[in-house]
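All remarks here apply to the structure that follows.
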Amino acid sequence: MKVFNTLTRKKEEFKPLVAGKVSMYVCGPTVYNYIHIGNARSVIAFDTIRRYFEYRGYDVNYVSNFTDVDDKMINEARKEHTTVEKLAERYIKAFMEDTEALNIEPATLHPRATHEIKEIIDFVQDLIDKGVAYEVDGDVYYRARKFPNYGQLSDQNIAELEEGASEHINEEEQSKKEDPIDFALWKAQKEEDEIAWDSPWGKGRPGWHIECSVMSTKYLGDTIDIHGGGQDLEFPHHENEIAQSEAKTGKKFVNYWMHNGFVTVGKKQEKMSKSLHNFVTVHDILKQIDPQVLRFYMSSVQYRRPINYSEDGLKQAETVLKRYQNTLRNLDARLNDENETLEDNGLRDDLTQAKAEFIEAMDDDFNVQNALSIMYDLATTLNNHLQKDQVDKPALKRAKKLLIAWLEIFGVSFKEEQAENDDEIEKLIAQRDEARKNKDWAESDRLRDELQAKGIVIEDTPQGTRWHRA
(Lines of atoms letter the chains of each structure in order from A; the text may use other names.)
(Lines give C-alpha, C1' and ligand atoms only; values in the text may rest on other atoms or scores of the structure.)
Protein backbone atom coordinates (compact mmCIF):
# COMPACT_ATOMS: atom_id res chain seq x y z
CA MET A 1 0.00 0.00 0.00
CA LYS A 2 1.28 3.46 -0.93
CA VAL A 3 0.39 6.72 0.80
CA PHE A 4 1.23 10.26 -0.32
CA ASN A 5 3.24 11.89 2.47
CA THR A 6 2.86 15.68 2.51
CA LEU A 7 6.18 16.01 4.34
CA THR A 8 8.20 14.38 1.55
CA ARG A 9 5.83 15.33 -1.32
CA LYS A 10 5.82 11.77 -2.67
CA LYS A 11 4.04 8.43 -2.38
CA GLU A 12 5.66 6.10 0.12
CA GLU A 13 5.18 2.45 1.02
CA PHE A 14 2.99 2.31 4.13
CA LYS A 15 4.80 0.55 6.96
CA PRO A 16 3.00 0.83 10.31
CA LEU A 17 4.92 1.13 13.55
CA VAL A 18 3.29 -2.10 14.74
CA ALA A 19 2.43 -4.81 12.22
CA GLY A 20 -1.33 -5.09 11.67
CA LYS A 21 -2.12 -1.89 13.59
CA VAL A 22 -2.59 1.73 12.48
CA SER A 23 -2.49 4.78 14.75
CA MET A 24 -4.32 7.76 13.25
CA TYR A 25 -4.88 11.27 14.58
CA VAL A 26 -7.18 13.59 12.63
CA CYS A 27 -7.77 17.20 13.65
CA GLY A 28 -11.40 17.62 14.60
CA PRO A 29 -13.66 20.69 14.54
CA THR A 30 -13.61 23.86 16.60
CA VAL A 31 -17.07 23.50 18.09
CA TYR A 32 -18.49 27.02 17.85
CA ASN A 33 -20.98 26.28 15.04
CA TYR A 34 -22.42 23.49 12.92
CA ILE A 35 -19.89 21.86 10.59
CA HIS A 36 -20.22 22.85 6.93
CA ILE A 37 -19.71 20.67 3.87
CA GLY A 38 -16.05 21.69 3.69
CA ASN A 39 -15.46 20.47 7.27
CA ALA A 40 -17.35 17.27 6.49
CA ARG A 41 -14.97 16.51 3.59
CA SER A 42 -12.15 15.84 6.03
CA VAL A 43 -14.32 13.75 8.35
CA ILE A 44 -15.65 11.66 5.44
CA ALA A 45 -12.27 11.31 3.68
CA PHE A 46 -10.47 9.97 6.74
CA ASP A 47 -13.40 7.76 7.73
CA THR A 48 -13.20 6.19 4.26
CA ILE A 49 -9.44 5.72 4.66
CA ARG A 50 -9.96 4.20 8.10
CA ARG A 51 -12.63 1.83 6.75
CA TYR A 52 -10.32 0.69 3.96
CA PHE A 53 -7.54 -0.07 6.45
CA GLU A 54 -10.07 -2.14 8.41
CA TYR A 55 -11.18 -3.89 5.20
CA ARG A 56 -7.53 -4.84 4.65
CA GLY A 57 -7.40 -6.36 8.13
CA TYR A 58 -5.73 -3.58 10.14
CA ASP A 59 -6.74 -2.70 13.69
CA VAL A 60 -7.13 1.10 13.61
CA ASN A 61 -6.75 3.29 16.68
CA TYR A 62 -8.42 6.49 15.47
CA VAL A 63 -8.30 9.63 17.60
CA SER A 64 -10.01 12.86 16.57
CA ASN A 65 -10.24 15.82 18.93
CA PHE A 66 -12.66 18.61 19.69
CA THR A 67 -11.15 22.10 19.98
CA ASP A 68 -13.47 23.45 22.67
CA VAL A 69 -11.51 26.55 23.68
CA ASP A 70 -9.99 29.25 21.44
CA ASP A 71 -10.69 32.80 20.24
CA LYS A 72 -13.59 31.72 18.00
CA MET A 73 -15.24 29.87 20.89
CA ILE A 74 -14.87 32.86 23.23
CA ASN A 75 -16.19 35.37 20.66
CA GLU A 76 -19.18 33.19 19.71
CA ALA A 77 -20.08 32.54 23.36
CA ARG A 78 -20.12 36.30 24.03
CA LYS A 79 -22.22 36.90 20.95
CA GLU A 80 -24.78 34.29 22.03
CA HIS A 81 -24.66 35.38 25.71
CA THR A 82 -23.67 31.91 26.87
CA THR A 83 -20.58 30.20 28.24
CA VAL A 84 -17.84 28.52 26.24
CA GLU A 85 -18.71 25.24 28.00
CA LYS A 86 -22.40 25.37 27.00
CA LEU A 87 -21.52 26.39 23.45
CA ALA A 88 -19.15 23.43 23.15
CA GLU A 89 -21.71 20.96 24.51
CA ARG A 90 -24.33 22.13 22.01
CA TYR A 91 -22.11 21.83 18.94
CA ILE A 92 -20.37 18.62 19.99
CA LYS A 93 -23.84 17.08 20.26
CA ALA A 94 -24.72 18.49 16.81
CA PHE A 95 -21.45 17.16 15.35
CA MET A 96 -22.13 13.66 16.66
CA GLU A 97 -25.69 13.74 15.28
CA ASP A 98 -24.54 14.97 11.85
CA THR A 99 -21.72 12.46 11.57
CA GLU A 100 -23.96 9.60 12.71
CA ALA A 101 -26.39 10.55 9.93
CA LEU A 102 -23.46 10.42 7.47
CA ASN A 103 -22.56 6.95 8.78
CA ILE A 104 -19.18 8.08 10.12
CA GLU A 105 -17.70 5.49 12.47
CA PRO A 106 -17.14 7.13 15.88
CA ALA A 107 -13.48 7.70 16.66
CA THR A 108 -11.82 5.32 19.09
CA LEU A 109 -11.56 8.45 21.23
CA HIS A 110 -12.78 12.05 20.93
CA PRO A 111 -10.61 13.98 23.44
CA ARG A 112 -11.41 17.58 24.34
CA ALA A 113 -8.79 20.27 24.88
CA THR A 114 -10.42 21.53 28.09
CA HIS A 115 -10.10 18.05 29.62
CA GLU A 116 -6.33 18.02 29.09
CA ILE A 117 -5.26 21.30 30.74
CA LYS A 118 -2.85 19.73 33.25
CA GLU A 119 -1.09 17.79 30.48
CA ILE A 120 -0.93 20.93 28.33
CA ILE A 121 0.65 22.97 31.13
CA ASP A 122 3.21 20.21 31.77
CA PHE A 123 4.02 20.04 28.04
CA VAL A 124 4.55 23.83 27.84
CA GLN A 125 6.71 23.84 30.98
CA ASP A 126 8.87 21.08 29.49
CA LEU A 127 9.46 23.22 26.39
CA ILE A 128 10.43 26.20 28.59
CA ASP A 129 12.84 23.99 30.55
CA LYS A 130 14.43 22.86 27.28
CA GLY A 131 15.01 26.47 26.24
CA VAL A 132 12.76 26.39 23.18
CA ALA A 133 9.95 28.42 24.76
CA TYR A 134 9.76 31.62 26.82
CA GLU A 135 7.22 33.54 28.90
CA VAL A 136 6.31 37.22 28.50
CA ASP A 137 3.59 38.83 30.67
CA GLY A 138 1.69 35.55 31.08
CA ASP A 139 1.97 34.52 27.42
CA VAL A 140 4.28 31.67 26.43
CA TYR A 141 5.84 31.52 22.95
CA TYR A 142 7.77 28.85 21.06
CA ARG A 143 11.12 29.81 19.52
CA ALA A 144 10.36 28.55 16.01
CA ARG A 145 13.84 29.30 14.71
CA LYS A 146 15.24 26.82 17.24
CA PHE A 147 13.58 23.97 15.34
CA PRO A 148 15.92 23.05 12.44
CA ASN A 149 13.25 21.82 10.00
CA TYR A 150 10.65 24.51 10.64
CA GLY A 151 8.76 25.14 7.39
CA GLN A 152 9.51 21.75 5.81
CA LEU A 153 5.92 20.43 5.95
CA SER A 154 4.46 23.51 4.24
CA ASP A 155 7.49 23.78 1.92
CA GLN A 156 8.48 27.28 3.11
CA ASN A 157 11.85 28.74 4.05
CA ILE A 158 12.50 31.05 7.01
CA ALA A 159 12.53 34.19 4.82
CA GLU A 160 9.04 33.37 3.52
CA LEU A 161 7.82 32.64 7.03
CA GLU A 162 9.24 35.94 8.32
CA GLU A 163 7.51 37.89 5.58
CA GLY A 164 4.18 36.18 6.24
CA ALA A 165 4.44 36.66 10.01
CA SER A 166 5.33 40.36 9.70
CA GLU A 167 2.15 40.96 7.69
CA HIS A 168 -0.16 39.34 10.26
CA ILE A 169 1.40 40.18 13.62
CA ASN A 170 -0.15 43.02 15.67
CA GLU A 171 1.80 45.62 17.66
CA GLU A 172 1.19 43.94 21.03
CA GLU A 173 2.51 40.59 19.78
CA GLN A 174 5.44 42.28 18.06
CA SER A 175 6.49 43.87 21.34
CA LYS A 176 6.33 40.52 23.16
CA LYS A 177 7.83 38.12 20.62
CA GLU A 178 11.56 37.63 20.29
CA ASP A 179 11.00 36.75 16.63
CA PRO A 180 7.97 37.39 14.36
CA ILE A 181 7.74 33.67 13.47
CA ASP A 182 7.42 32.55 17.10
CA PHE A 183 3.96 31.25 18.01
CA ALA A 184 1.83 31.06 21.16
CA LEU A 185 1.76 27.99 23.39
CA TRP A 186 -0.20 29.65 26.21
CA LYS A 187 -2.28 32.84 26.17
CA ALA A 188 -2.76 35.05 29.20
CA GLN A 189 -6.31 35.92 30.25
CA LYS A 190 -7.23 39.34 28.84
CA GLU A 191 -10.64 39.96 30.41
CA GLU A 192 -12.29 38.78 33.62
CA ASP A 193 -15.13 36.94 31.85
CA GLU A 194 -12.71 35.04 29.59
CA ILE A 195 -12.38 31.30 30.25
CA ALA A 196 -9.03 30.62 31.94
CA TRP A 197 -7.07 28.19 34.09
CA ASP A 198 -4.38 28.71 36.71
CA SER A 199 -0.85 28.08 35.46
CA PRO A 200 2.77 28.84 36.49
CA TRP A 201 2.50 31.92 34.23
CA GLY A 202 -0.79 33.21 35.63
CA LYS A 203 -4.37 32.67 34.50
CA GLY A 204 -4.72 31.79 30.84
CA ARG A 205 -5.60 29.15 28.27
CA PRO A 206 -3.76 26.96 25.77
CA GLY A 207 -2.85 27.99 22.25
CA TRP A 208 -4.52 26.03 19.45
CA HIS A 209 -1.46 24.14 18.21
CA ILE A 210 -0.33 22.79 21.58
CA GLU A 211 -3.71 21.14 22.16
CA CYS A 212 -3.28 18.65 19.31
CA SER A 213 0.34 17.89 20.19
CA VAL A 214 -0.71 16.98 23.72
CA MET A 215 -3.77 14.92 22.79
CA SER A 216 -2.09 12.98 19.97
CA THR A 217 1.01 12.05 21.99
CA LYS A 218 -1.01 11.28 25.14
CA TYR A 219 -3.37 8.84 23.44
CA LEU A 220 -1.26 7.48 20.56
CA GLY A 221 2.34 7.81 21.74
CA ASP A 222 5.31 10.01 20.85
CA THR A 223 5.36 8.74 17.25
CA ILE A 224 2.19 7.95 15.30
CA ASP A 225 1.57 6.39 11.91
CA ILE A 226 -0.78 8.91 10.30
CA HIS A 227 -1.77 12.49 11.09
CA GLY A 228 -4.55 13.89 8.92
CA GLY A 229 -6.49 17.06 8.29
CA GLY A 230 -7.42 19.59 5.63
CA GLN A 231 -4.79 21.20 3.41
CA ASP A 232 -5.43 24.52 5.18
CA LEU A 233 -3.94 23.00 8.35
CA GLU A 234 -0.49 22.34 6.85
CA PHE A 235 0.58 25.79 8.04
CA PRO A 236 0.66 26.96 10.69
CA HIS A 237 -1.17 24.26 12.65
CA HIS A 238 0.59 21.06 11.61
CA GLU A 239 3.93 22.78 11.09
CA ASN A 240 3.77 23.99 14.69
CA GLU A 241 2.65 20.61 15.99
CA ILE A 242 5.80 19.03 14.55
CA ALA A 243 8.05 21.69 16.10
CA GLN A 244 6.48 21.39 19.56
CA SER A 245 6.21 17.62 19.67
CA GLU A 246 9.67 16.77 18.35
CA ALA A 247 11.32 19.39 20.57
CA LYS A 248 9.69 17.78 23.61
CA THR A 249 10.17 14.09 22.82
CA GLY A 250 13.29 14.12 20.63
CA LYS A 251 11.48 11.63 18.37
CA LYS A 252 9.88 11.78 14.94
CA PHE A 253 6.30 12.93 15.53
CA VAL A 254 4.46 11.49 12.51
CA ASN A 255 5.48 8.98 9.85
CA TYR A 256 2.84 9.91 7.24
CA TRP A 257 1.20 13.32 6.93
CA MET A 258 -2.05 13.21 4.92
CA HIS A 259 -4.08 16.24 3.86
CA ASN A 260 -7.44 16.30 2.10
CA GLY A 261 -8.38 18.78 -0.63
CA PHE A 262 -10.91 21.57 -0.29
CA VAL A 263 -14.58 21.66 -1.19
CA THR A 264 -15.20 24.38 -3.78
CA VAL A 265 -18.43 26.02 -4.88
CA GLY A 266 -19.70 27.90 -7.92
CA LYS A 267 -18.30 28.41 -11.39
CA LYS A 268 -15.21 30.12 -9.95
CA GLN A 269 -14.69 27.08 -7.70
CA GLU A 270 -14.00 29.16 -4.58
CA LYS A 271 -13.01 27.32 -1.42
CA MET A 272 -16.03 26.80 0.83
CA SER A 273 -15.40 28.60 4.12
CA LYS A 274 -17.18 30.52 6.86
CA SER A 275 -15.04 33.60 6.20
CA LEU A 276 -16.27 33.80 2.58
CA HIS A 277 -19.90 33.22 3.67
CA ASN A 278 -20.33 30.65 0.88
CA PHE A 279 -20.85 27.60 3.05
CA VAL A 280 -23.71 25.16 3.57
CA THR A 281 -23.95 23.40 6.93
CA VAL A 282 -24.42 19.65 7.09
CA HIS A 283 -27.22 20.29 9.61
CA ASP A 284 -29.19 22.23 6.97
CA ILE A 285 -28.41 20.16 3.87
CA LEU A 286 -29.47 16.92 5.57
CA LYS A 287 -32.99 18.35 5.85
CA GLN A 288 -33.13 18.31 2.05
CA ILE A 289 -31.19 15.25 0.87
CA ASP A 290 -30.52 11.65 1.86
CA PRO A 291 -27.40 11.59 4.10
CA GLN A 292 -26.19 8.52 2.22
CA VAL A 293 -26.20 10.46 -1.06
CA LEU A 294 -24.11 13.28 0.43
CA ARG A 295 -21.72 10.78 1.99
CA PHE A 296 -21.26 8.86 -1.26
CA TYR A 297 -20.81 12.05 -3.29
CA MET A 298 -18.15 13.37 -0.92
CA SER A 299 -16.38 9.99 -1.01
CA SER A 300 -16.31 9.78 -4.80
CA VAL A 301 -13.23 11.97 -5.35
CA GLN A 302 -9.70 10.99 -4.27
CA TYR A 303 -9.04 12.63 -0.91
CA ARG A 304 -6.20 14.94 -2.04
CA ARG A 305 -8.19 16.42 -4.93
CA PRO A 306 -10.66 19.30 -4.58
CA ILE A 307 -14.33 18.48 -5.01
CA ASN A 308 -16.77 20.98 -6.49
CA TYR A 309 -20.04 20.86 -4.56
CA SER A 310 -23.06 20.99 -6.88
CA GLU A 311 -26.64 19.78 -7.20
CA ASP A 312 -25.73 17.96 -10.42
CA GLY A 313 -23.03 16.04 -8.57
CA LEU A 314 -25.48 15.04 -5.85
CA LYS A 315 -28.05 13.88 -8.42
CA GLN A 316 -25.43 11.78 -10.19
CA ALA A 317 -24.41 10.20 -6.87
CA GLU A 318 -28.06 9.43 -6.12
CA THR A 319 -28.49 7.74 -9.51
CA VAL A 320 -25.41 5.56 -9.01
CA LEU A 321 -26.53 4.55 -5.51
CA LYS A 322 -29.96 3.51 -6.80
CA ARG A 323 -28.21 1.36 -9.39
CA TYR A 324 -26.23 -0.45 -6.68
CA GLN A 325 -29.36 -0.82 -4.57
CA ASN A 326 -31.25 -2.36 -7.49
CA THR A 327 -28.34 -4.68 -8.27
CA LEU A 328 -28.36 -5.98 -4.68
CA ARG A 329 -32.15 -6.42 -4.77
CA ASN A 330 -31.89 -8.37 -8.01
CA LEU A 331 -29.10 -10.50 -6.54
CA ASP A 332 -31.32 -11.37 -3.57
CA ALA A 333 -34.22 -12.23 -5.87
CA ARG A 334 -32.14 -14.64 -7.97
CA LEU A 335 -30.49 -16.19 -4.92
CA ASN A 336 -33.95 -16.91 -3.49
CA ASP A 337 -35.66 -18.17 -6.65
CA GLU A 338 -36.28 -21.87 -7.27
CA ASN A 339 -34.15 -22.17 -10.41
CA GLU A 340 -31.20 -24.56 -10.29
CA THR A 341 -27.68 -23.18 -10.15
CA LEU A 342 -25.27 -23.42 -13.08
CA GLU A 343 -21.54 -23.02 -12.53
CA ASP A 344 -20.10 -20.10 -14.50
CA ASN A 345 -16.30 -19.98 -14.48
CA GLY A 346 -16.35 -16.74 -16.46
CA LEU A 347 -18.25 -14.94 -13.68
CA ARG A 348 -16.00 -16.44 -11.01
CA ASP A 349 -12.91 -15.20 -12.86
CA ASP A 350 -14.52 -11.75 -13.24
CA LEU A 351 -15.04 -11.55 -9.46
CA THR A 352 -11.45 -12.55 -8.70
CA GLN A 353 -10.12 -9.99 -11.16
CA ALA A 354 -12.44 -7.21 -9.92
CA LYS A 355 -11.34 -7.76 -6.30
CA ALA A 356 -7.66 -7.64 -7.26
CA GLU A 357 -8.16 -4.46 -9.30
CA PHE A 358 -10.19 -2.78 -6.53
CA ILE A 359 -7.44 -3.45 -3.98
CA GLU A 360 -4.78 -2.28 -6.44
CA ALA A 361 -6.66 1.02 -6.91
CA MET A 362 -7.24 1.66 -3.21
CA ASP A 363 -3.70 0.61 -2.32
CA ASP A 364 -2.49 3.41 -4.60
CA ASP A 365 -3.05 6.29 -2.15
CA PHE A 366 -6.77 5.50 -1.90
CA ASN A 367 -7.60 6.09 -5.58
CA VAL A 368 -11.36 5.99 -5.13
CA GLN A 369 -12.15 7.06 -8.70
CA ASN A 370 -10.52 3.92 -10.11
CA ALA A 371 -12.02 1.77 -7.36
CA LEU A 372 -15.54 3.11 -8.01
CA SER A 373 -15.10 2.51 -11.74
CA ILE A 374 -14.30 -1.14 -10.98
CA MET A 375 -17.38 -1.36 -8.72
CA TYR A 376 -19.58 0.11 -11.45
CA ASP A 377 -18.26 -2.33 -14.06
CA LEU A 378 -18.86 -5.23 -11.67
CA ALA A 379 -22.48 -4.15 -11.19
CA THR A 380 -22.89 -4.15 -14.99
CA THR A 381 -21.41 -7.66 -15.21
CA LEU A 382 -23.74 -8.90 -12.46
CA ASN A 383 -26.85 -7.33 -13.97
CA ASN A 384 -26.08 -9.02 -17.30
CA HIS A 385 -25.55 -12.39 -15.58
CA LEU A 386 -28.82 -12.01 -13.66
CA GLN A 387 -30.77 -11.95 -16.93
CA LYS A 388 -29.82 -15.58 -17.67
CA ASP A 389 -32.29 -18.42 -17.10
CA GLN A 390 -29.81 -20.22 -14.85
CA VAL A 391 -27.24 -18.46 -12.70
CA ASP A 392 -24.19 -19.43 -10.64
CA LYS A 393 -25.67 -18.94 -7.16
CA PRO A 394 -22.46 -19.57 -5.15
CA ALA A 395 -20.70 -16.98 -7.34
CA LEU A 396 -23.59 -14.55 -6.85
CA LYS A 397 -23.38 -14.98 -3.06
CA ARG A 398 -19.70 -14.10 -3.28
CA ALA A 399 -20.50 -11.12 -5.52
CA LYS A 400 -23.12 -9.83 -3.09
CA LYS A 401 -20.69 -10.08 -0.16
CA LEU A 402 -18.00 -8.28 -2.19
CA LEU A 403 -20.29 -5.45 -3.31
CA ILE A 404 -21.65 -4.90 0.21
CA ALA A 405 -18.11 -4.80 1.67
CA TRP A 406 -16.97 -2.27 -0.94
CA LEU A 407 -20.02 -0.05 -0.43
CA GLU A 408 -19.40 -0.09 3.32
CA ILE A 409 -15.90 1.33 2.74
CA PHE A 410 -17.70 4.36 1.28
CA GLY A 411 -20.12 4.47 4.19
CA VAL A 412 -23.06 3.08 2.21
CA SER A 413 -25.36 0.47 3.71
CA PHE A 414 -28.69 -0.60 2.21
CA LYS A 415 -30.59 -2.07 5.13
CA GLU A 416 -34.28 -2.33 4.39
CA GLU A 417 -36.13 -3.09 7.59
CA GLN A 418 -39.21 -5.25 7.29
CA ALA A 419 -42.32 -3.12 7.57
CA GLU A 420 -45.44 -4.13 9.48
CA ASN A 421 -47.46 -4.44 6.26
CA ASP A 422 -45.01 -6.68 4.36
CA ASP A 423 -47.35 -9.68 4.71
CA GLU A 424 -50.20 -7.59 3.30
CA ILE A 425 -48.02 -6.54 0.34
CA GLU A 426 -47.07 -10.16 -0.35
CA LYS A 427 -50.78 -11.13 -0.41
CA LEU A 428 -51.57 -8.36 -2.91
CA ILE A 429 -48.60 -9.45 -5.08
CA ALA A 430 -49.88 -13.06 -5.00
CA GLN A 431 -53.40 -11.89 -5.95
CA ARG A 432 -51.98 -9.88 -8.84
CA ASP A 433 -49.90 -12.86 -10.02
CA GLU A 434 -53.05 -14.99 -9.98
CA ALA A 435 -54.97 -12.34 -11.96
CA ARG A 436 -52.17 -12.20 -14.55
CA LYS A 437 -52.16 -16.00 -14.77
CA ASN A 438 -55.91 -15.90 -15.47
CA LYS A 439 -55.42 -13.01 -17.93
CA ASP A 440 -57.68 -10.83 -15.81
CA TRP A 441 -55.85 -7.66 -16.84
CA ALA A 442 -58.36 -5.27 -15.27
CA GLU A 443 -57.89 -6.87 -11.83
CA SER A 444 -54.12 -7.01 -12.38
CA ASP A 445 -54.04 -3.27 -13.17
CA ARG A 446 -56.26 -2.47 -10.19
CA LEU A 447 -53.92 -4.34 -7.84
CA ARG A 448 -50.87 -2.66 -9.39
CA ASP A 449 -52.47 0.76 -8.77
CA GLU A 450 -53.28 -0.22 -5.18
CA LEU A 451 -49.69 -1.31 -4.61
CA GLN A 452 -48.33 1.88 -6.18
CA ALA A 453 -50.54 3.94 -3.87
CA LYS A 454 -48.82 2.17 -0.97
CA GLY A 455 -45.42 3.22 -2.37
CA ILE A 456 -44.57 -0.18 -3.85
CA VAL A 457 -42.58 -0.51 -7.09
CA ILE A 458 -43.26 -3.72 -9.06
CA GLU A 459 -40.95 -5.41 -11.56
CA ASP A 460 -42.24 -8.26 -13.71
CA THR A 461 -39.33 -10.53 -14.69
CA PRO A 462 -38.99 -13.97 -16.31
CA GLN A 463 -38.17 -15.26 -12.83
CA GLY A 464 -41.34 -13.81 -11.28
CA THR A 465 -42.59 -10.59 -9.71
CA ARG A 466 -40.16 -8.50 -7.67
CA TRP A 467 -41.11 -5.55 -5.51
CA HIS A 468 -39.55 -2.90 -3.33
CA ARG A 469 -40.52 0.34 -1.68
CA ALA A 470 -40.05 3.52 -3.70
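Cβ atoms here come from the backbone N, Cα and C positions, even for glycine.
So that you can see what the record holds, here are the features copied from Swiss-Prot:
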- CYS27, CYS212, HIS237, GLU241: Zn(2+) binding site (BINDING)
- LYS274: ATP binding site (BINDING)
- 29-39: motif ''HIGH' region' (MOTIF)
- 271-275: motif ''KMSKS' region' (MOTIF)
**Request:** Translate the DSSP assignment of CYS27 (Zn(2+) binding site) into the three-state scheme.
**Result:** coil
**Asked** According to DSSP, which of helix, strand or coil covers the residue listed as 'ATP binding site'?
**Response** coil
**Request:** Would you count the other C-beta atoms found within 10 angstroms of the C-beta of LYS274 (ATP binding site) for me?
**Result:** 14
**Item:** Distance [Cα-Cα, Å, rounded] between CYS27 (Zn(2+) binding site) and LYS274 (ATP binding site)
**Value:** 18
**Request:** To the nearest whole angstrom, state the Cα distance for the pair CYS212 (Zn(2+) binding site) and LYS274 (ATP binding site).
**Result:** 22
**Least surrounded among the binding-site residues, given as CYS27, CYS212, when other CB atoms within 10 Å are counted** = CYS27
**Item:** the residue listed as 'ATP binding site' and HIS237 (Zn(2+) binding site), Cα-Cα, nearest whole angstrom
**Value:** 18
**Asked** What does DSSP call CYS212 (Zn(2+) binding site) in the simple three-state scheme?
**Response** helix
**Prompt:** Expressed to the nearest Å, what is the distance separating LYS274 (ATP binding site) and GLU241 (Zn(2+) binding site) at their Cα atoms?
**Reply:** 24
**Fill in**
Residues lining the Zn(2+) site besides CYS27, CYS212, HIS237, GLU241 (CB within 8 A of their CB center) are TRP208, HIS209, GLU211, SER213, SER216, HIS227, GLY229, LEU233, HIS238, ASN240
